[in-house]
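Record features, source TrEMBL:
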ACT_SITE  Arg330  active site
BINDING   Lys154, Glu238, His273  ATP binding site
BINDING   Asp574, Lys743, His773, His775  Mn(2+) binding site
BINDING   Arg646, Thr910  substrate binding site
DOMAIN    38-488  domain 'Biotin carboxylation'
DOMAIN    158-355  domain 'ATP-grasp'
DOMAIN    565-834  domain 'Pyruvate carboxyltransferase'
DOMAIN    1028-1097  domain 'Lipoyl-binding'
MOD_RES   Lys743  N6-carboxylysine
MOD_RES   Lys1063  N6-biotinyllysine
Amino acid sequence: MLLHVGGMRSALGLLAVRRACCLSRTTHNSPQTLEYKPIKKVMVANRGEIAIRVFRACTELGIRTVAVYSEQDTGQMHRQKADEAYLIGKGLPPVAAYLDIPDIIKVAKENDVDAIHPGYGFLSERSDFAQACVDAGVRFIGPSPDVVRMMGDKVEARSIAIRAGVPVVPGTDGPITCLSEAQEFSNTYGFPIIFKAAYGGGGRGMRVVKEYEELEENYQRAYSEALAAFGNGALFVEKFIERPRHIEVQILGDKYGNVIHLYERDCSIQRRHQKVVEIAPAVQLDPHLRDRLTADSVNLARQVGYENAGTVEFLVDKHGRHYFIEVNSRLQVEHTVTEQVTDVDLVHAQLRVCEGRSLPELGLKQDKIRINGFAIQCRVTTEDPARGFQPDTGRLEVFRSGEGMGIRLDSASAFQGAVISPHYDSLLVKVIASGKDLPAAAAKMNRALAEFRVRGVKTNIPFLQNVLSNDQFLYGTVDTQFIDENQELFNLKPVQNRAQKLLHYLGHVMVNGPTTPIPVKAKPSSIDPVIPPVPLGEPPVGFRDVLLREGPEGFAKAVRAHKGLLLMDTTFRDAHQSLLATRVRTHDLKQIAPFVAHNFNNLFSVENWGGATFDVAMRFLCECPWKRLQELRALLPNVPFQMLLRGANAVGYTNYPDNAVFKFCEVAKENGMDIFRVFDSLNYLPNLMLGMEAAGTAGGVVEASISYTGDVSDPMRQKYSLEYYLKLADELVRAGTHILNVKDMAGLLKPESSRMLIGALRDRFPDMPIHVHTHDTAGAGVAAMLACAEAGADIVDVAVDSMAGMTSQPSMGAIVACTKGTNLSTGISLENVYDYSEYWEVARGLYAPFDCTATMKSGNADVYENEIPGGQYTNLHFQAHSMGLGHKFKEVKKSYTEANKLLGDLIKVTPSSKIVGDLAQFMVQNSLTRAEVEERADELSFPLSVVEFLQGHIGIPHGGFPEPFRSKVELERGKTLHIKALALGDLNKAGQREVFFELNGALRSVLVKDTVAMKEMHFHPKALKDVRGQVGAPMPGKVVEVKVKQGQAVEKGQPLCVLSAMKMETVVNSPLSGTVVKIYVNADSSLEGDDLILEITE
């Protein structure tokens, strides 16, 4: 729609004129001369999106901004968007804080505020506030106090309209003071009538009465709402015009008597007399009627000497007659659509007019105001259309907005984690769409609303989408009965909310435990371990002193030059990860740490970090892994600490950004870590190189790892041949590793293969320290490690005897005893090993529910066939029993072998080992053979880890991906959710814990009720919907009044109590006739939805 040719963009540019010194201005259409006074600092005496809207305009004009906020709004965004923010109304109720005129003026004066913008609602139409600003020497960005008073008093505004020749609706001449006056008016004019707040708008204090029986109740509710919203309960009464259009005209005046209009808006789509959707300009409005509306608006404004922005509101009946309703002497919520179609920034104009500029100076002349296209504003609110638009409250678990061309968003509290309280308006965000015509604007709006994702509270978005798709809305005209008469608008498309529902389920499991019972009934031992005696004084010098003195290179040379075999003790990490599900507490590690410092100072290192440490410490032990590192460092200062670093995965299970891995290593080194064993589950060099560079840059000792699988001594197995490992070692040494590590996760190294591999590495790299890690699953770990030592290895991994064997590392005591008196002697006292082992034998009993021996009694040499890593072997055995597949564990192991072949014979280290394990369990659960999996690969729904592996998420395996298996697997079917559990929060007052996830790479969280904790907490009872007579709260809110007493007889439909939420009051009526048995609330009770109010018996 184009009413005039041309645009306003060039004219509007004048609004950004550079701020100048005080100038004397010549009047326009007036002999008066006013002084131009630039505004330097503006306070917005409001909250939410309108405050932010004004702040943005001020910032664009170089004006400093000040926010005020109530105690309940400390977390609101408007407080953070201003240059300065100050608390007001301390100790007052939420709404009353923003009505505290003395405190607002005090803050303004104390902080050199030049002008105050009232926004809309609250004090925006209070003449006493405007006067208080003037009296304090602070400019009020709006009309003069007298005009605010005249326009704010609906009765006086009506009289002015009559004098100006503007048609009005029959109504009282002044505010009524009692119910009898309303009764008298209704007797004269008949029903329907409408109560309106005399000192405010926005639907507050507005009630339609259709019959005499409703009069008293609606009078009380209108009075109460007006008093709460505007601080004054005065009402006036009008004849109610049925089925009108609600048309309003935007006006703008200056200090020189100039008044212009910016055409009209159609605000007919309403519920509870509150606007839901606004359109500019009005659709199918007769041009002659438009001329009359705009002319009456300008004449009325001139009649009172109106300055600044305002709105003149009219009702238009079905015959095209218009009636003046009121003047809103402020900026309207829906001012945005006028801005979009006229290209005039109304807030800029308000500020400039307040400074003393004239409208012509700003390029705002009536003949230059043109309308271009259409704009629609939708008020997205936290209201549930399915329940009569009842306000919903709670926390925004997810918020994602719709954006794009032709879309403008004005919001404040719309962000993930925001808490929507019942204290204020339910508006979440204003969405404004622009287009060449109404259907085009509606299409953009529909698209934007479809992009929104709001979880945690109900919204009216499905309802708005129905409105925008309605043919009457798009191609006809609507009146104020549009919503009431189109019930199909309430056929709401259900929100799927799949991801959040899944997160809630997972959170419930994390908070309240697994639904599948753990098959271990063992109880922790009641005997505490005895700490062996520790001598006084500082511990003796150890290898860490060498590292601190000579650095990583000198440390590596010292290791290589050392005579005898060096040991790394895994008891502090990998041993209890393999045997006790990593559940050992920092407390028990700290107890024995001083003994280790004094008696095992000649250890190469203690492995105490990495792997599952982070996951278990934070998720199950509720401990900080960083604090563990710091505390152990203080107690064990002389022995180097070693950790596992999964290359680009760091200590997680997915690839992290490079800078995150670098920073992690830097902080780990600063907190006491010394040696970084860097590995990749596929020996994928790019991932290995990243971890090596990160560890080296941090100043740590780099121990690059070759993850070992297969059997180099078997000529029939040549995928992972001796030549493969030597070439990989060449790359790692060339990359600058300080130490070369062979990481045998499954314990596959036999004595012969140990001699071949380590011997070849020693020949190839005579000066490079070699370190070997294995697991003792088959029982041959001691023999293999001795063979490695004889072939030239400098260091081997062991665990203290009571924490060794099975899926853990070989026995420390066995290695010490076997090398004693030889050139490989460890220099460690067997007596000290016995004392050390005794401590852990008793400590292990404290973790009986997690001990692998509850389901697994020994290791098994079939590991040479299935190649299951030690820690995973334990976990699979435990999981098989948990799932009732304990008797099928042999099949699980066989399937693991077959799954490994399906995937191309992988190196099996976390996380690649998990991928093989997931596929194996998938095969067992679905009774699938390898041949069947290969044949049906294009139709099976494989575990996510398998699909992601085939997509290349963890790297490229040696030899490439298995074909044709990879090509047959469907890598995407519909939508896939990538979920990672991150952490659990503390218990809140509602008995909930916040559970944090990573969903598709973005942070998500849900609140989950802790069923155990809630048993000890008191909660208001809920009304049971299947029990007649139990009356529940229809929405969250505060009880304003209880209208019945216990034992009182009530009739069906009789008011029981009044609830207030978001400044709207709702009467709860009796669903049946009977006697009130018990009342569960009183005045000022705060209720959640469905909280029990009272019980009635028939």
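Cβ atoms are placed via backbone N, Cα and C, with glycine included.
Keep in mind that TrEMBL annotations are predicted by a computer and have not been checked by a curator.
Mapped onto this structure are the features recorded in TrEMBL.
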| residue | record | Cβ contacts under 8 Å, 6 or more apart |
| --- | --- | --- |
| Lys154 | ATP binding site | Lys196, Ala197, Ala198, Phe236, Glu326 |
| Glu238 | ATP binding site | Val169, Pro170, Gly171, Thr172, Ile193, Ile194, Lys196 |
| His273 | ATP binding site | Gly203, Met206, Val208 |
| Arg330 | active site | Pro118, Gly119, Tyr120, Ser124, Glu125, Gly142, Ala309, Gly310, Thr311 |
| Asp574 | Mn(2+) binding site | Glu607, Gly611, Leu644, Asp797, Ala799, Ser808, Gln809, Gly871 |
| Lys743 | Mn(2+) binding site | Arg677, Phe679, Ser705, Ile706, Ser707, Tyr708, His773, Val909 |
| His775 | Mn(2+) binding site | Ser578, Asp744, Met745, Ala746, Gly747, Gly781, Thr807, Ser808, Gln809, Pro869, Gly870, Gly871 |
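For Thr910 (substrate binding site), other Cβ atoms within 10 Å of its Cβ number 19. Same-chain neighbours of the Mn(2+) site beyond Asp574, Lys743, His773, His775, judged by a C-beta within 8 angstroms of the site's C-beta center, are, in sequence order, Thr570, Asp744, Met745, Thr774, Asp797, Gln809, Gly870. Comment: ATP site residues Lys154, Glu238, His273; largest CA to CA distance 16 Å, whole number. Per-residue pLDDT, averaged along the domain 'ATP-grasp' (158-355), amounts to 91 for this model. Cβ atoms within 8 Å of the centroid of the Cβ atoms of Lys154, Glu238, His273 (the ATP site) belong to the same-chain residues Gly171, Ile194, Phe195, Lys196, Ala197, Met206, Phe236, Ile325, Glu326, site residues excluded.
Just so you know, the Cβ of His773 (Mn(2+) binding site) picks up 27 other Cβ atoms within 10 Å once every protein chain is counted. Taking H, G and I as helix, E and B as strand and the rest as coil, DSSP gives the domain 'Lipoyl-binding' (1028-1097) the counts 0 helix, 39 strand, 31 coil.
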